[in-house]
Amino acid sequence: MEAERARQNSPTEITTDGPEPDPSPATNLTNGNRQPQDPQPPAQPEPEEIKSYELMLDLSKYILLLATLVATVTYAAGFNPPGGVWQETVTSSDQLAGDSIIRTTSYCQYLVFFYCNATAFASSLVVIVAILFLTIVEEKKKHRVPLLPLWAVMVVDLLSVMGAYAAGTCRDKPTTIFSLVLVGAAIAYLAIQMMLTDPVQEKRLRKVLMLLASLPRNNSCTDPVQEKRLRKVLMLLATFAVSVTYVAGISTPGGFWDNTENGHRPGDAILKDSHGKRLTVFLCFNTLTFVASLLIIVVLLDKKPPMTKAYGFIAVALISLIVSYTAGSCRETDTNFYVGSLVIAVLAFMALFQVAFVQDTIKAARDTRFLTKIRTFYHSVWSLPEAITIAPGPKTNDSRVAAEKSRSLVLLLATLAATITYQAGLDPPGGVWPDNGNGHMAGDPVLLTVNAKRYKAFFYCNSVAFVASLVAIILVQSKVMLQTYVLEAAMVLDLFGLIGAYAVGSSRDLTTSIYATALAGAVLVYVVIHVVFFTLNHANPTSEEIKSVEKRRKRLLLFAVLGATITYQDGLTPPSGFRLQDDSGHHAGDPVLLYNFPRRYTAFFYCNTVSFMLSIALIILLVNPHLYRPAI
């Protein structure tokens, strides 16, 4: 009994997926026989129900986050339907200002979108309430709640989101067929996953997918703790990818026509006339990202998720996200080439850091005459850091634990940064031209015409931040890369890209941009001064103090990431929108609030800028334990 009680209270056992882990060879040491026993546990009355229940509890906060984001985007899409709204009232044609355009031009499409979107919104609210009720019941240690109704509502939510997306993104025949085929394939996959219970068939499907994806077969996690962590990481990434691609697909970049001039059809995308192929590429790859992200969620909600499928879907989602960003944010072919070059440049930058780290490691190994390590270094570049950090020691263990703790936080930061930069690239500051004019075409960014240098500076800074975020998302999956400077370099590049894009995109003159950049420098200088001069007498913390600091650090970092996300979007797209034409001394692309209420806009701009720069400084501070422990 004492051994059993000690085993149940072990910290390593608490972190596993279930409350009753399978017996291991270590549990039979008391018999004096160290031979591993066959894992045949005693009678388990309801193993499948227990696994499903524990899985739902384990992923409850991520399912809650998913339902919250789906409710948010469907709520916004209900008030801003695809195709836009009428700007003027025309009595003769029953056209009322503020009404949905596709309600008049394509009533059946509007009904499908409206009811699917409303169903997704309502079912998301039901899922939120059900998850909260489930956690309350679990905290009070009462009887388990049946999960079948919750699963049914989640399936309805998933199908409704796909239906609303398919109806809202129908722009022409090719994109409609492509969207319907992908959505149909996703529904078929969901049905197969629900009906497929034969483990032999599951193994066959997994082998086929491994062969097609050319992935190593040892990618599946056997460690339950590592599998749980990886499941949460991919769930978080897929959740944000679903939300951002849903919004981008419904509100196509470039806007929509609201008149019939020059043969235009109201509700059609403006880019369809001037950049039809580019719009088709954007919609197809954005849809591919959306469907792949939904399939990732379906795979991860399985009791035994085939991680090879998850890796395949996440690779498709990331590649499609880059292609859709390039197609939706660029208007010229050479710009596409430059954005593609950015991906190569960022990867080369990471490789240079890796090479520098390898050279320093080899030099240190030569100084200490570790010839065996040198052979390991040249054997595989990716195993170099692991070969060095595998040596025992308290410092190594501390760095490894710190790296594992920072994994989810770095992923959250990179995911949110990729989300806001993706949206900013598709909906640039200054707005887009509503019609053709002198030197511009409908759907082109206004800032590109009136101030091309400023727009290009914003575009490339934003693109660097977007690509660096995706690279960080990939690097954070590797334990080896967590313990090198490559991931840190990617995050620093990401943050500086955000700062540059904000400073250039939120202002319209050089002086204001300099002020915004100076605020960033002032905040960083204050952080350094605070840490250096106000924490000199900081004593060595105890273990309890470290735990308390880590909890506060997680909360502060979460607030800082959310603050940076909100203020970045508000700075690039300020309240009241932008002017779309030059008249009465006004310039197209300038904020409307700047002319109507200049003092109010100035107060908003600098308060928002200070909040953004403080959030970035907090993020930099809170990722380094040498800075945040004495500061907090």
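Here the Cβ of each residue, glycine as well, is placed from N, Cα and C on the backbone.
TrEMBL annotations:
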- 1-47: region 'Disordered' (REGION)
- 25-34: compositional bias 'Polar residues' (COMPBIAS)
- 58-171: domain 'PGG' (DOMAIN)
- 62-79: transmembrane segment (TRANSMEM)
- 112-135: transmembrane segment (TRANSMEM)
- 147-165: transmembrane segment (TRANSMEM)
- 227-331: domain 'PGG' (DOMAIN)
- 233-251: transmembrane segment (TRANSMEM)
- 279-301: transmembrane segment (TRANSMEM)
- 308-325: transmembrane segment (TRANSMEM)
- 337-358: transmembrane segment (TRANSMEM)
- 404-508: domain 'PGG' (DOMAIN)
- 409-426: transmembrane segment (TRANSMEM)
- 457-476: transmembrane segment (TRANSMEM)
- 515-536: transmembrane segment (TRANSMEM)
- 548-623: domain 'PGG' (DOMAIN)
- 556-572: transmembrane segment (TRANSMEM)
- 603-623: transmembrane segment (TRANSMEM)
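When each of the listed stretches 62-79, 308-325, 457-476, 556-572 is scored by C-beta pairs under 8 angstroms to the transmembrane segment (147-165), 62-79 comes out highest. If you look at the transmembrane segment (603-623), the same-chain residues 6 or more away from its ends with a CB under 8 A from one of its CBs are 406, 409-410, 413, 491, 495, 498-499, 502, 506-507, 512, 515-516, 519-520, 523-524, 526-527, 531, 553, 556-557, 559-561, 563-564, 567-568, 570-571, 574-575, 593, 631. Residue counts of the domain 'PGG' (58-171) by helix, strand and coil are 83 helix, 4 strand, 27 coil (DSSP-based).
Ranked by Cβ pairs under 8 Å to the transmembrane segment (279-301), the stretches 112-135, 233-251, 409-426, 556-572 are led by 233-251. Packing against the transmembrane segment (112-135) from elsewhere in the chain are residues 56-57, 60, 63-64, 67-68, 70-71, 74-75, 77-78, 81-82, 102, 145, 149-150, 153-154, 156-157, 160-161, 163-164, 167-168: each is 6 or more residues past its ends and has a CB under 8 Å from a CB in it. For the transmembrane segment (233-251), the partner stretch with the highest count of Cβ pairs under 8 angstroms, out of 62-79, 308-325, 409-426, 457-476, is 62-79. With a cut-off of 8 Å between Cβ atoms, the residues of this chain six or more beyond the transmembrane segment (556-572) that come close are 409, 412-413, 416-417, 419-420, 423-424, 428-429, 498, 501-502, 505-506, 605, 608-609, 611-612, 614-616, 618-619, 622-623, 632.
When Cβ-Cβ distances below 8 Å are used as the criterion, the transmembrane segment (62-79) is approached by residues 56, 114, 117-118, 120-121, 124-125, 127-128, 131-132, 154, 157, 161, 164, 168, 232, 235-236, 239-240, 242-243, 246-247, 250, 297 of the same chain, each at least six residues removed from its ends. With DSSP states grouped into helix (H, G, I), strand (E, B) and coil, the domain 'PGG' (548-623) comes out at 55 helix, 4 strand, 17 coil. The average pLDDT computed for the domain 'PGG' (404-508) is 80. Counting residue by residue with DSSP, the domain 'PGG' (404-508) contains 77 helix, 4 strand, 24 coil. Note: the domain 'PGG' (227-331) comprises 79 helix, 2 strand, 24 coil (DSSP; helix = H, G, I, strand = E, B).
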